[in-house]
Number of protein chains: 2
Amino acid sequence: MTFSQNDFDFVAEHARGAMLLQTVADTLEWDERTGMPIDGGDYRATQVSTLRGMVHRRRTDAKYGETLQSLSENLGDEDPAGDVAATVRGLLRNWKRDHRLPEDLVERTSRATVKGQQRWDAARRADDFGMFRDTLAEIIELKREAGQRIAEGTDRSPYEALLDEYEPDARVEPLNQVFQDLRKPLVELIDAIREAPRQPKRSLLERDFAIAGQRDLSRFVAESVGFDFQAGRLDETSHPFCTTLGPRDCRILTRYDLNWLPAGLLGTMHEAGHGMYEQGMRSDWFGLPPGSYCSLGIHESQSRLWENQVGRSRPFWQWLFARTQKTFAPTLDDVSLDDFHFAINQIQPSLIRVEADEATYNLHIIIRFDLEQLLIGGTLAVDDLPAAWDARYQSDLGVCAPSAANGVLQDVHWSAGLIGYFPTYTLGNLASAQLYDAAAAELGDLESMFAGGEFSPLLDWLRSRIHERGQCESGDSLILRATGKSLSADALIRYLNGKLRPLYGLDG
Amino acid sequence: MTFSQNDFDFVAEHARGAMLLQTVADTLEWDERTGMPIDGGDYRATQVSTLRGMVHRRRTDAKYGETLQSLSENLGDEDPAGDVAATVRGLLRNWKRDHRLPEDLVERTSRATVKGQQRWDAARRADDFGMFRDTLAEIIELKREAGQRIAEGTDRSPYEALLDEYEPDARVEPLNQVFQDLRKPLVELIDAIREAPRQPKRSLLERDFAIAGQRDLSRFVAESVGFDFQAGRLDETSHPFCTTLGPRDCRILTRYDLNWLPAGLLGTMHEAGHGMYEQGMRSDWFGLPPGSYCSLGIHESQSRLWENQVGRSRPFWQWLFARTQKTFAPTLDDVSLDDFHFAINQIQPSLIRVEADEATYNLHIIIRFDLEQLLIGGTLAVDDLPAAWDARYQSDLGVCAPSAANGVLQDVHWSAGLIGYFPTYTLGNLASAQLYDAAAAELGDLESMFAGGEFSPLLDWLRSRIHERGQCESGDSLILRATGKSLSADALIRYLNGKLRPLYGLDG
């Protein structure tokens, strides 16, 4: 048989139809998280689950799957990194995954995770892991079964099968290796910083920063780095995120804290990084793999790059500091650029992942990555999880949570069934540093550009190397092609040492 | 055959399913009109039309219609004003209407009205009726065909068949009668006012009213009169409206004008009136006739009652004026309550319906009601419409539009295929006055209540007499039962004379 254009058009149309309904549901969820009246929740849940059900039925349709299978076997001389091959490969991968999960398991998991998030929320408020224990055990069991079914007949472990949903083709061993490569020099750096001769003044960032000023400044920054407000908007919510509601409609959300300036401002840089990735994809492939993000690790590399490599750099603040002072005058009038820059680069082991700095953050991730493998593998019982958690925080970060709410109950992920998701955060950190190095090598003096408020050369570079490639290649392959090297810990370690040692008065 | 509960459950579930998708589409349109990024429009249009198509297929489903028909023939001793009978009657009425319109006609009308609104918008900007002429002629023809098909085999005229969509069971003759009853005393009053010894100072309301203050005050007013913000929200848009997205999620939208205070404040009262009607319906019947608004005339009676009978009354401003002065201080410091109250009750014939006062407004409506009957009846050609329009404005209101933009092109309705819609505005005005009289007769001194900021007795009265009745009775029957009289022009005439003659220094 030869490649059938008709068949291709059918599956593309079918997938685009599913995406249309998915973006409708996503719009409803965006609304729910930005300002839906509180009593609207019940009906909204019914609307969203009805739509998600319609999407799921479309995505698991038998004829659709058979056609994808047949297309996949008859790709002929299509370029494997081309749009057509990527479309067939990506859609078939998703279909197979969905197809291996019986409706019953999907439904039980959906129910368990809805309940899970409610129980988790209540348990966290009550500071009582016991309230969450049974639901978590049920979720772990369901995810283990899902992993086993997806992995069946392959050489993957059930955990790898779960990981694959967020980071296609990722394997545990190489991940473990790169995380260990990162861990040792990172701990050395953090230890050195703990005893460093100079320390930043965190309190500079804890003054009163009027929310109206934060809003103006955040919007200015998002617009300046290249987030397109004609095809997007910036709103506020309690748990920041980025969601794409159409080929030219990307919504980013942030959260302002009166007494912690980085939350809103660098939070906006982070979400704008996600948003610019979404806006940088090719609209004509919207809803299909060539116009979809490559992996969560790659997605996170974009947010981290703008938040950290750009947003915590000195040249960026050379550009923005005077405006920041003016926005909040006279709050920062007595503060120097150097002191401010040092403060936003404070490194300090702490209990809460989402509040962690860019160095210690990765230690939080490695703990979760290790523990969730043990949970899925069955070698760590849910009852033993809190103790294991606390022990790792003590040994890895040298901190101990006073209670479960600040410890094992801090993240929503597991309660939502997101297992295999955490490592993508650190993959993003690694990739952001490596991509930034490569961009700097090609583009020249990025620092002077930032100091002059010029960000488009960097964004353009990311567009052509990453955004416009969609899922035409794997994450590994994208990184290799864009940077000339496989992903490693080298760039991130070099970047952190290069920035932090001088700041803290440590010898290079 | 006896009444089948199974059949009833099937049609109710089917209708609720259609409503679920309709409210999803409505949510998308709310988003589009409140802040969707401008480039999101194309994809949004595809999403909405896909959802509307799904709703239409559900609503015209053959088995659903047959089941409704059979239920309708076997209602047995169900109370005709009860929930079950109302459900079957209302759903069957809608099904029959939809069913009589061939898919092809629906599609052509949909295309023509999408184009119609674009052409209308362009024609209005260019101030050139000629640009809109062909599309309007096409829309008139399509609506005439629809009216003919719906009216076929009944004793209704095609225009009445169109009117019936917005005002079930309304007939042209009684409407004409009540409009003529209104017209003569209204013109007498307006003429007297024109020559009255006292005139209000309109300019008091044209000062600078900071938008932030208008926002605060409007929210305060909406909340005070009884709009429930736990089940609703208030936003801003260019063309205010009210939309219901779920049984406990009603969104009202208003528009603030820096130099015209009534636009935002009384506009909010108007939309809050619509919103409180929606919020007052029984949630457990959401998506079914007992939990749906009775007719557009009844809907409008609620908005007008709160905007005019309440919001333009002196006791209301006794309550709110000091707060208004404080909100905009010192803008209104030199203004007395009496002068302010007189200003918001200015009566002055003008060109634009949406800016008209509560007396002359009805003359704008009668013109449209008469002209659209002639257009559908075929006795007025589209080419002759602008001249007919201008002649009526000259004779009825004594004003002449300098050009089409301020004349025949001012309203979006006809371009959107909304023919038979205009008279519901004046029906609302008539009903609001009659309902207010009846409430006052039962509740006693409403004026003292308003002066003390107490609105819940009036709202509760409207809830039990109107809101909770949904479509269990026709609009006529609701009014008769609530007020003890059939709808007439008496109450509105009495109300306008009673308020305006003293203000303008005319003898009672």
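Just so you know, glycine gets a Cβ as well, placed from its N, Cα and C.
Residues or ranges marked as Zn(2+) binding site in TrEMBL: A:His270, A:His274, A:Glu300. The Cβ of A:His270 (Zn(2+) binding site) lies under 8 Å from the Cβ of A:Pro240, A:Ser303, A:Arg304, A:Trp306, A:Glu307, A:Gly311, each on the same chain and at least six residues away in sequence.
Spatially close to A:Glu271 (active site, proton donor/acceptor) yet at least six residues away along the chain are A:Leu234, A:Pro240, A:Phe241, A:Cys242, A:Ile252, A:Leu253, A:Thr254, A:Ser303, judged by Cβ distances under 8 angstroms. In this structure, A:Glu271 (active site, proton donor/acceptor) is part of a helix by DSSP. Under the heading active site, proton donor/acceptor, TrEMBL lists A:Glu271.
Around the Cβ of A:Glu300 (Zn(2+) binding site), a 10 Å sphere holds 25 further Cβ atoms from the protein chains shown.
Checking the recorded positions A:His270, A:Glu271, A:His274, A:Glu300 against chain B with a Cβ-Cβ cut-off of under 8 Å leaves no residue at all. What surrounds the Zn(2+) site, by Cβ distance within 8 Å of the Cβ centroid and not counting A:His270, A:His274, A:Glu300, is the set A:Cys242, A:Glu271, A:Gly273, A:His299, A:Gln302, A:Ser303, A:Arg304, A:Trp306, A:Glu307, A:Gly428 from the same chain.
Every protein chain shown contributes to the tally, and the Cβ of A:His274 (Zn(2+) binding site) ends up with 25 other Cβ atoms within 10 Å.
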